[in-house]
Amino acid sequence: MNPLLSFKDVSKGFEDVQILNEINIDIEPSYFYTLLGPSGCGKTTILKLIAGFEYPDSGDIIYKDKPIGKMPPNKRKVNTVFQDYALFPHLNVFDNIAYGLKLKKLSKSEIKRKVTEALQLVKLSGYEHRQIQGMSGGQKQRVAIARAIVNEPEILLLDESLSALDLKLRTEMQYLLRELQSRLGITFIFVTHDQEEALALSDYIFVMKDGKIQQFGTPIDIYDEPVNRFVADFIGESNIVHGTMVEDFVVNIYGQNFDCVDMGIKENKKVEVVIRPEDISLVSQNDGLFKAKVDSMLFRGVHYEICCKDRKGYEWVIQSTKKANVGSEVGLYFEPEAIHIMVPGETEEEFDKRIESYEDYHHA
């Protein structure tokens, strides 16, 4: 089956600044996708190109096997929820949601039915006659989403839609968005710079930097198997250290050999090693793979964040449910599966091949 939407070598610049560089992506129907990256990486530009608010300088955008790169926005089965909601302040909730339906000249009874259903979906039943000015940020966000889904788009675009909400409201909206996407079966494309939000919401994530896709995959794939230092550092907390590949399943870190689960890398190849803080355990000095001294400890609510320095002066961050005494000597332990090897300069295609060969080896 062909993708619902594809970018084919799409580039876009503004004046002398290149924003997107030969972007290639495929969007399948009925999934929740997230474009994740820092400010200025090009993620919102991709959203604007999908919506038709901008046109590509080169390459093309294919929707259901037809090029739409130059198609005007009103001809696309796409709706957008903006960061600032873009609601009409002089219209009440009902009229805001009904606006697009009235333009389509639907009957009053059909409009009322659709608006009522949309309000039920976003859990705002009974709010039809409320004025926009008197609503909270979370309520305005729900109205904006209802206005988008009432038009039954095939793709719903969400541009940093939760960033203005406080933590509790943002969490509630995350649950609502996932519930809506599952129930309606609409393809969602969500833009955010918030890594936790992307991991929680998405079926698939595009990680972006400097106008290029760094990695594409499921949240678990990207978290567990980052393709490069940027992805590893951007997605969650990481201990990233230099190492040398001794042979398949053995890596040398700072002069000490460790068992790992990576293979297919040349012997003596310089690599970068990622170990997540939650994968490191504090143990007795005798039980540790190496020894370290506790430098500091912060309470983060669900865990303690403990910073240690090993005897060679390298720092390690550990997330533990157990306290540690600052200044104490401890052992650090992690399983071979906790070690992830990254090869500097390796492309995503090369990385994927290496991971596949490792999986084939273990299934043989």
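Every residue, even glycine, has its Cβ placed from backbone N, Cα and C.
Here is what Swiss-Prot records for this protein:
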DOMAIN    5-235  domain 'ABC transporter'
BINDING   G37, P38, S39, G40, C41, G42, K43, T44  ATP binding site
Find, for the listed binding-site residues S39, T44, the residue with the lowest Cβ contact count at a 10 Å cut-off, counting only other Cβ atoms.
S39
Could you work out which of the binding-site residues (G37, G40, G42) has its C-beta surrounded by the smallest number of other C-beta atoms within 10 A?
G40
Using the Cβ center of G37, P38, S39, G40, C41, G42, K43, T44 as the ATP site position, which other residues in that chain lie within 8 Å, going by their Cβ?
H193, M208, K209
Secondary-structure category, per DSSP, in which T44 (ATP binding site) falls:
helix
